[in-house]
Amino acid sequence: MAELLRSLQDSQLVARFQRRCGLFPALDEGPRENGAGPAQAAARGLAQLPAANGKGDRGPANGLRRIAAPQAYVQKYIVKNYFYYYLFRFSAALGQEVFYITFLPFTHWNIDPYLSRRLIIIWVLVMYIGQVAKDILKWPRPLSPPVVKLEKRVIDEYGMPSTHAMAATAISFTLLISTMDRYQYPFALGLLMAVVFSTLVCLSRLYTGMHTVLDVLGGVLVTAVFIVLTYPAWTLIDRLDSASPLLPVCAIVVSFFLCYNYPASDCYSPTRADTTTILAAGAGVTLGFWVNHFFQLASAPTESLPVVRDIPPLTTDMLVLGLTKFTVGIVLILLVRQLVQNLSLQVLYSWFKVVTRNKEARRRLEIEVPYKFVTYTSVGLCATTFVPMLHRFLGLP
């Protein structure tokens with residue numbers, strides 16, 4: 001078993017997959033990427049090296065160790081099969097934030113608020129588990145060389161488990177389970193689409209060189225276990241909006257506590273910021289559904305239907321209406337996001353006496369977590385409460 005796990009974590013296995021799909025490193029690639037070979041162990045710390053600043057030193061106030069983060073660079077590569085290249089780059093985008101901040105609101109505004117509520121809560125819980133597991137396990141990403149890495153933003157994060165694989169599996173199979181008794185469609189077709197979606201995202205993590213096979217399998221397995229264990233409690237999610245008046249307070253307080261006490265990393269990575277964004281959005285959505293129910297601002301998403309719905313055919317009018325509602329909603333969300341972000345940063349900069357527009361200061365724990373939490377809690381609340389109100393005001397059913 002140990003030998004099998006080592007082989008699944010081997011970077012050469014990822015490199016061979018890339019070569020079979022027509023992705024090769026350029027011969028004149030230049031110096032090694034930071035985070036390759038021995039430098040990777042030095043940069044990462046591998047969770048086993050003692051702090052360099054002495055036994056009794058607790059580290060900087062911002063929660064980061066005094067180890068410089070590796071500097072990513074644009075890795076040169078050669079593509080010999082553009083079908084796989086565009087297929088897996090597109091599939092990788094299906095597991096990134098840009099997909100979820102479009103798909104989940106679109107589902108809420110145009111398809112079924114009941115489904116969006118389930119999807120968002122499950123997605124938030126799964127992503128939090130994955131993000132924390134990365135910074136606890138501290139397993140490095142594949143070595144480069146031999147692997148070609150196509151993404152820069154998350155190159156400083158740890159690898160195990162793959163949160164892209166976790167999110168794709170959670171979204172696709174939660175959607176399948178939640179719709180099979182609610183809408184009428186061939187179950188085999190729904191299962192096939194869920195498997196294809198999650199498989200493409202998982203394979204894209206190997207193609208882009210961001211994860212080992214073990215990272216991806218670990219992400220899928222953790223999500224499968226999570227769904228099996230939590231499925232009996234999914235009906236509680238369906239009743240969150242009618243729960244105790246203390247629910248929104250608990251959701252905000254607990255989420256902020258988890259963000260502020262996120263595991264410290266050896267060097268700065270976007271993991272803590274991403275986790276704060278996810279948890280804050282979940283808290284905002286929970287607050288929004290509760291506000292809608294308490295003030296009767298919208299009809300509550302129904303847990304059960306008198307009859308199973310047929311999926312309506314897609315017409316031109318339906319498509320135009322959906323795109324119009326989506327455009328109006330996204331514009332309002334972007335405005336709220338920008339306004340709240342600017343205001344929260346101004347307040348925090350003034351409170352901590354930081355020079356305005358100091359981008360490095362945004363990474364400090366006491367600034368990064370509060371401003372992101374306030375910003376994306378507002379976004380979640382706006383998406384579930386104020387955008388539907390605007391739709392009704394504009395006469396968009």
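Cβ from N, Cα, C; glycine included.
Please treat TrEMBL annotations as automatic predictions, because they have not gone through curation.
Counted with DSSP, the domain 'Phosphatidic acid phosphatase type 2/haloperoxidase' (117-231) comes out as 78 helix, 2 strand, 35 coil. The annotation domain 'Phosphatidic acid phosphatase type 2/haloperoxidase' is assigned in TrEMBL to 117-231.
Marked as transmembrane segment by TrEMBL: 83-106 (among others).
Annotation source TrEMBL lists transmembrane segment at 118-137 (among others).
Same-chain neighbours of the transmembrane segment (158-177): 44, 92, 94-96, 100, 103, 115, 118-119, 122-123, 126-127, 129-131, 133-135, 137-142, 190-191, 193-195, 197-198, 201-202, 204-205, 210-212, 214-216, 218-220, 222-224, 226-227, 231, 269, 271, counting only residues six or more beyond its ends whose CB sits under 8 Å from a CB of the stretch. Under the heading transmembrane segment, TrEMBL lists 158-177 (among others).
Residues 87-89, 91-92, 94-95, 162, 164-165, 167-169, 171-173, 175-176, 216, 219-220, 308-311 of the same chain lie 6+ residues outside the transmembrane segment (183-204) yet bring a C-beta within less than 8 angstroms of a C-beta in it. According to TrEMBL, the feature transmembrane segment maps to 183-204 (among others).
Residues annotated as transmembrane segment in TrEMBL: 216-234 (among others).
The transmembrane segment feature in TrEMBL is assigned to 246-264 (among others).
Annotated transmembrane segment per TrEMBL: 276-298 (among others), in sequence order.
Only residues 6 or more beyond the boundaries of the transmembrane segment (318-336), in the same chain, are considered here, and those with a CB under 8 A from a CB of the stretch are 102, 105-106, 109-110, 312, 378-379, 382-383, 386-387, 390-391, 394, 396-397. According to TrEMBL, the feature transmembrane segment maps to 318-336 (among others).
Taken from TrEMBL, the feature transmembrane segment applies to 373-394 (among others). Within the chain, the transmembrane segment (373-394) has long-range Cβ neighbours (under 8 A, six or more residues past its boundaries) at 105, 108-109, 113, 252, 255-256, 259, 276-277, 279-289, 291-292, 297-298, 325, 328-329, 332-333, 336-337, 340-341, 344.
Beyond its flanks by at least six residues, the transmembrane segment (83-106) meets 21-23, 116, 119-120, 123, 150-151, 164-165, 167-168, 171, 197, 200-201, 203-205, 207-208, 274, 277, 322, 326, 329-330, 333, 383, 387 of its own chain at Cβ-Cβ distances under 8 Å. Remote same-chain residues near the transmembrane segment (246-264) are listed as 59, 63-65, 128, 132, 135-136, 240, 271-272, 275-276, 279-280, 282-283, 286-287, 290-291, 365, 369, 372-373, 377 (criterion: CB distance under 8 Å, separation of at least six residues from the stretch ends). Over the domain 'Phosphatidic acid phosphatase type 2/haloperoxidase' (117-231) the predicted model carries a mean pLDDT of 89.
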